[in-house]
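Here the structure comes first, spelled out in structure tokens, and everything after it is commentary.
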Amino acid sequence: MAIERTLSIIKPDAVAKNVIGQILARFEGAGLKIAAARLAQLSRAEAEQFYAVHKARPFFNDLVNFMISGPVMIQVLEGEGAILKNRDLMGATDPKKAEKGTIRADFADSIDANAVHGSDAPETAAVEIAFFFPGMAVYSR
């Protein structure tokens, strides 16, 4: 399996619960390396641009409002099969449907406040990483 990079966001609900370290430990425990990371407060414009793919969806405004409701922890994860591995660690979008032991089952409150975001494909990962970490801010380890 190839070494990949994926974007991961610990959302405002999980940041507010003070579980950033526990979530990062799960990534590292699964063999993923953190190649870049930053704590940020997204502006409305940043959130709207990042989630533009969902602009026509009925949940778009709620998603943007949620993502700007508090700080987020944004990281680039690197490792073999990083995209799928991260998605497996996160669990189903709806925490009620997420398998026990996944990040969303353990830390998310609802389908809206679902603790984490992860890229869904190599193409999306490249775009999302460039959005939050332009230039030389990502390092192989």
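Every residue, even glycine, has its Cβ placed from backbone N, Cα and C.
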Among Lys11, Lys17 - the residue Swiss-Prot places in the same ATP site as Phe59, Arg87, Thr93, Arg104, Asn114: Lys11
Arg87 (ATP binding site) CB neighbourhood, other CB atoms within 10 A: 19
Local Cβ density at His117 (active site, pros-phosphohistidine intermediate) - other Cβ atoms counted within 10 Å: 20
Other CB atoms, at most 10 A from the CB of Thr93 (ATP binding site): 14
